[in-house]
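> The structure that follows is given in the form of structure tokens.
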Amino acid sequence: MINVTFPDGAVRQYEAGVSALDIAKSISEGLARKVLSAKVNGQVWDASRPISEDANLQLLTWTDTDGKSTFWHSSAHLMAEAVESMFPGVKFWVGPALDNGFYYDMDLGDKKLTEDDLVVLEKKMNELAKQNNAYQRKEMSKAEAIAYFTEKGDEYKLDLLQNLQDGSITFYTQGNFTDLCRGPHIPATGVIKAIKLTNIAGAYWKGDEKNKQLTRVYGITFPNQKELDEYLLMLEEAKKRDHRKLGKELGIFTMDEDIGPGLPLWMPNGTIIIEELEKLAKETEEAAGYKRVVTPHIAKENLYITSGHLPYYADSMFPPMEMDGEKYYLKAMNCPHHHKIFAAEHKSYRDLPYRIAEYGTCYRYEQSGELFGLMRVRCLHMNDAHIYCSKEQFFQEFKAVNDMYLKYFKIFGVDKYVMRLSLHAPEKLGQKYVDEPALWKETEDMVRKVLIDTNTPFIEVPDEAAFYGPKIDVQIWSTIGREFTLATNQVDFNSGRKFKLEYTNKENQTDVPLIIHRAPLGTHERFIGFLLEHYAGKFPVWLSPLQVKILPISDKFMEYTNEVKAELRSAGIRVEIDDRSEKIGRKIREAELSRVPYMLVLGEKEMTEGKLSVRRQGKGDLGSQTIAEFIGTVVAEIKNRTEE
RNA sequence: GCCACUUUAGCUCAGCUGGUAGAGCAACUGAUUUGUAAUCAGUAGGUCGUUGGUUCGAUUCCGACAAGUGGCUCCA
């Protein structure tokens, strides 16, 4: 007999060799039907795998993340079975579970999959699922496995085998499909009730663009149709707040073929948002001791040779323009220009920290396939600044930048993000990273300490640092789930020397400053793209391109309407009148859809009382207010940058 | 850049297997002067992304290019 301990601490005795599925059955048949896999001593196992020793056991079902993963990974195998039955001779690479669904990479030879094929595949998968075939686990020696795949001529699985230890190699079979796989899997295919293959994509083998491109099919499955329907509905809803759709609807930005890909045109409404953001940045930076600078959009080649961006990043820059026998480049970053401002006047330790800021316009030649609405563009306006400081000042300066991030996040109600501390990889010193092991350790420790001291949750990611130093990136997700770096805060102990930046220290010696590169509001493009989705187009009053729309009941009240408008405007409020001869219902509907935060309905009653009927977007009628009351509210919301 | 798909009126979309196009909304004109999410009528608007080819004839079939979409790679 063995002792099995459950998550609630209860201990029960079973025969050795009992499976998690047996145990579930002993509790209830209903539970047994729901079990997908089990966590045995912290490892996720097949529910049917015999347990031979005392163990901690957690039964995993659809409501557990690990249970879902098992379900989706098994679904990938089911898809592979369907693909193999349709296209014999197909070779498979890997087919993992994702956060939402699964994919499988495959080599289909010359066969090109179409969307029609997906429909047929879904049908086949449904048939196979109904057969309720068990997933059977089989251990195999490495030699046997190699022989098996050599005979099949499957170079992909042979490649996978190379990195596997003999004794740990397992195969899984369900129906007519057998695959090298570490598992675990669900007991049988029958629980997969709703299947949707979502898209076909090319994916480089092993993620290396020099390798052959395999066919990747993405899909998602559920234990019932209802959840699939809900998932598809959620995707539809998400599309409605896609910044590309909202940007067009609200007149924020536009793209034009004649201007060029990745080059957004900011329309009047978008420009108002840009100006409000810059106002916020300027206020915040002035209070934090930054000075503003302005630099040209182009520079000579030599600047980028000094910075080290050429030739290594030449691919990401627009090709040079030749003028007077010199090559000029559009700037892809502002740092070298700012370094030259630092170097223009001699600095002493009394001038440090020296902080200069600019909403700098940069141009980057992003690959055509990478462009994505406002989130990934070729012309960007960066909330950039550089801080030049001594080693002693670094901690305080870096912390102040971190505090500025958090302050901004509070203003915008940004709560779904991950702070990522990007570190170097010691084995790549001298190649990918500047060869200064001591400086790396020192700065990484300082950056980590800032995060810990400010109680900022973060994750550490090795081998993701900039070549000149560690950094903190703020990761966010677009509505459709794509990940982006919104903001960045970087340490640079390299450019100071490269640009021969110096200051005279207290001991009257020459010293090289540390540099902090920071962009808490990222770029206008990405930040406004993010805000559009974050607010679903319903900007807070201070950011809203139009703040108040006045809706007169009829043109009999135009005189009063114009008076009200003039008063609001002189209070600094962005206001417009809907003077069409439409019914009030129509005006309200369209004002609501345009997401203007406040609407004022003015008619006979308001005119005689000298009041306003106030309506808030999404909330309906707020009742009657005096002009002074209303102006007071709106002006306070603007001044305090109130979110709602 | 690579794989797949898409491109029809300002917007959202329809248009069986080739015979030069249609709806709703928006726009414009007129009527209506309206009380908290769509007043009515009329008018105008498209060389069907561009460009080659096949064909008596191409929005429709094939190719190239451009832009976009979903991924891959990339993101200093």
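Each residue, glycine too, has its Cβ placed from N, Cα and C.
Just so you know, TrEMBL annotations never went through curation; they're auto-generated.
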> Under TrEMBL, which of the candidate ranges A:111-141, A:235-265, A:576-606 is annotated coiled coil?
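It is A:111-141 that TrEMBL annotates as coiled coil.
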> For the Zn(2+) site, TrEMBL lists A:His386, A:His517; sort out which one of A:Cys181, A:Cys335 goes with them.
A:Cys335
> 10 Å Cβ neighbour count around A:Cys335 (Zn(2+) binding site)?
21
> Take the domain 'TGS' (A:1-61) and average the pLDDT across it for me.
88
> Summarise the domain 'TGS' (A:1-61) as counts of helix, strand and coil residues per DSSP.
14 helix, 26 strand, 21 coil
> Take the mean position of the Cβ atoms of A:Cys335, A:His386, A:His517, the recorded Zn(2+) site. Which other residues of that chain put their Cβ within 8 Å of it?
A:Met333, A:Asn334, A:His338, A:His339, A:Asp384, A:Ala385, A:Gln490, A:Asp492, A:Ser495, A:Ile515, A:Ile516, A:Arg518
